[in-house]
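Undergrad: Dumping what Swiss-Prot says about this protein:
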BINDING   10-17, 79-83, 140-143  GTP binding site
MOD_RES   THR58  phosphothreonine
MOD_RES   CYS206  cysteine methyl ester
MOTIF     55-63  motif 'Effector region'
Amino acid sequence: MTEYKIVIVGGGLVGKSALTLQLVQVCIKDQYYLIEFQNNQFQFENLQNHYIDEYDPTVEDSRREVSIDDQTCLLNILDTAGQQHSNAQSMDAHWSTVFVCLFNYFNITSMYDEIASFREQILRVKDGAKDLVPLILIINKADLDHESQGSGNEGQLAKDSLSFHQSSAKSRINLEEIPYSLVRELRKELKLDQSSGKAQKKKKQCLII
């Protein structure tokens, strides 16, 4: 079974942990609603009561087996929430096969500059091998009122051929589409690499920022 290793990165409070939990269907169920995240704990509410589920993104790993286009694969998702910036910068990881950069509509105005910087650093540690660095952008919290935060950056991202999606971890918007897009992007890259006669095992590195 093919395993796809996914690193989710982004600034503070963009919803990395909530999205990770939703993608692997660990804690958040359809009948519950995420209220807040404080001190590495998620608080959920249903119609009857309140309760607390503990979650530590620095130790929890998240795996999900899925069938995509009649092929079964394993998604292994790394949530970088809680990592200090200095530690992340120096992290030498032979781990990731795809990067997910997460933003929300309240930091969208700085999104393009940040994604460009992140992509540049990935390419540097990947020795400039652009075709080996699948990168997908997710704009989270699509359920919130964001009209006042709008900008023209989405069009620029599309022009630069960056794949991006809108999502909501709370409302489960596009949560099933995202892993399908990730895997299909990876398979597409591998197929192109093989057709060029370049397919070979290479050491993987990633830089988390």
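For all residues, glycine too, the Cβ spot is worked out from N, Cα and C.
So where do these features actually land, and what's packed around them?
TA: In the three-state DSSP classification, LYS16 (GTP binding site) falls within a helix.
Confidence annotation: the motif 'Effector region' (55-63) carries a mean pLDDT of 54 in the model.
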